[in-house]
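S.K.: Below you'll find the structure I mean.
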């Protein structure tokens, strides 16, 4: 896939290969899967908010002005039905909280290890879920959402790094992408819960309370599973526990002390270099770390500018806006959730075989084509007025198919790789700081997209999807020219990738500088 072009412009470095022994043991599989459960809480929250905000009982209680607009504008401007600053704040407040929490989580991850950051995230998320379950007013709802955001910030700060450190380098792609798979499973579970609860609780507040309160379950799963995880060898070495680190490395690699000694020695050397760096937040701005800094900012930025969270956050609202009934909109969200999980599974088995860039490039082209088709079809029927009297069944089905193909393109490219690639390119001395930047930029743009989508849909109409398609084109070109291949390269040897890249080699010295 993408052979000569990949190697010629931004691909894998030639003539360099360092290998460490490492089996794909059941211990490391179970450990990485248990850690990746941290994605469940993030995914559940992404999926649940759009469904809840499309429930009439929820809107009547907390956002009556939106409800009145919805029932009074069935035949007028559909683009602006859900345009409400308070409603978007309910959805997006979580991501602002996650942004702030990621900086605290960076300190905790470095000081106490990745494990305790995951435990803390699960606990705080559970408290937020309980508060939302019992909510009596908008303030209580938003405070609960903020606590959920803090929990998410702790989890996504630690999980991708933890899995990348625990996994054998030649299986790192598939194991790390279990995190993205758990996000998609969380989204699917949320969509199913949103679909089922209105059928169980036909009257009153039961449906939305059950949907929000069910978040306690994935929070418990995350917290309990993390309690039984060991810290990664990298983290133990950072804390001075070298013998424990060696024993853990021996266990997760499935080889003897002598056989894992080269990898262990490199981990110790990397830790000593990291310990010499007293100010990682200052050092990450050094010229030699320019590639990692650029990637830690642009990859999460581009991931959100694909427009995927428009579909995931607001799928039921979006489908309702384009003419689906309440029940049909929730069912359509379930369908996109199933496609999301299935396509992510493709990436799990493919990225270690065919490489990161091939999936990035193919997914980008696929998203560009089908986002353009979604824009064209919505523009064709709704125009600039948002008024429509009749939507044929074939039109609705075709639009869902286009959205599903767009989602699948994201789910095997920017979805998992947007988390995998940043987690595997940071050297230990700046890893916590760089991952904080990665998470905070991701959450910042998630917040901006969540805040801007409903007003943007109201003012830009179908043109909003053209804006996202433009960014997909830009990010695909960025990957083609500036992201080298990181497939099957040990984390502690990743600097070699930048030294051999046609552009980044001018920034990275041939020998590591003392900083």
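Glycine residues also receive a Cβ, built from the backbone N, Cα and C atoms like all the rest.
Quick paste from TrEMBL:
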- 31-487: domain 'Major facilitator superfamily (MFS) profile' (DOMAIN)
- 24-44: transmembrane segment (TRANSMEM)
- 87-109: transmembrane segment (TRANSMEM)
- 116-135: transmembrane segment (TRANSMEM)
- 141-163: transmembrane segment (TRANSMEM)
- 175-196: transmembrane segment (TRANSMEM)
- 208-229: transmembrane segment (TRANSMEM)
- 293-317: transmembrane segment (TRANSMEM)
- 329-351: transmembrane segment (TRANSMEM)
- 358-382: transmembrane segment (TRANSMEM)
- 394-415: transmembrane segment (TRANSMEM)
- 436-454: transmembrane segment (TRANSMEM)
- 460-483: transmembrane segment (TRANSMEM)
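I'm curious about the neighbourhood of these features; can you describe it?
M.R.: For the transmembrane segment (116-135), same-chain residues at least 6 beyond its ends with a Cβ under 8 Å from one of its own Cβ atoms are 35, 38, 41, 62, 105, 108-109, 141, 143-155, 157-159, 162, 209, 212-216, 219-224, 226-227, 229.
Same-chain residues lying 6 or more positions outside the transmembrane segment (208-229) and placing a CB less than 8 Å from one of its CB atoms are 31, 34-35, 37-38, 40-41, 44-45, 48, 51-52, 55, 57-58, 115, 118-119, 121-123, 125-126, 128-130, 132-133, 135, 144, 148, 151, 155, 162, 186, 189-190, 193-194, 197, 200-201.
Same-chain neighbours of the transmembrane segment (358-382): 1-2, 6, 78-79, 306-307, 322, 347, 350-351, 388, 391, 395, 398-399, 402-403, 405-406, 408-410, 412-414, 417, 461-463, 465-466, 468-469, 472-473, 475-476, 479-480, 483, counting only residues six or more beyond its ends whose CB sits under 8 Å from a CB of the stretch.
With a threshold of 8 Å between CB atoms, the same-chain residues lying at least 6 positions outside the transmembrane segment (460-483) that come near it are 5, 9-10, 79, 294-295, 298, 302, 305-307, 310, 356-357, 360-361, 364-365, 367-368, 371-372, 374-376, 378-379, 382-384, 386, 414, 421, 453, 503-504.
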S.K.: Under 8 Å, at least 3 Cβ pairs, sequence separation 6 or more: does that hold for the transmembrane segment (436-454) versus the transmembrane segment (87-109)?
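M.R.: Per Cβ check, the transmembrane segment (436-454) touches the transmembrane segment (87-109).
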S.K.: Which bits of the chain, at least 6 residues beyond where the transmembrane segment (394-415) starts or stops, bring a Cβ under 8 A of a Cβ in it?
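M.R.: Contacts of the transmembrane segment (394-415) (Cβ under 8 Å, skipping residues fewer than 6 from its ends): 180, 183-184, 302-303, 306, 308, 311, 319, 322-324, 328, 332, 335-336, 339-344, 346-347, 350, 359-360, 362-367, 370-371, 373-374, 377-378, 381, 475.
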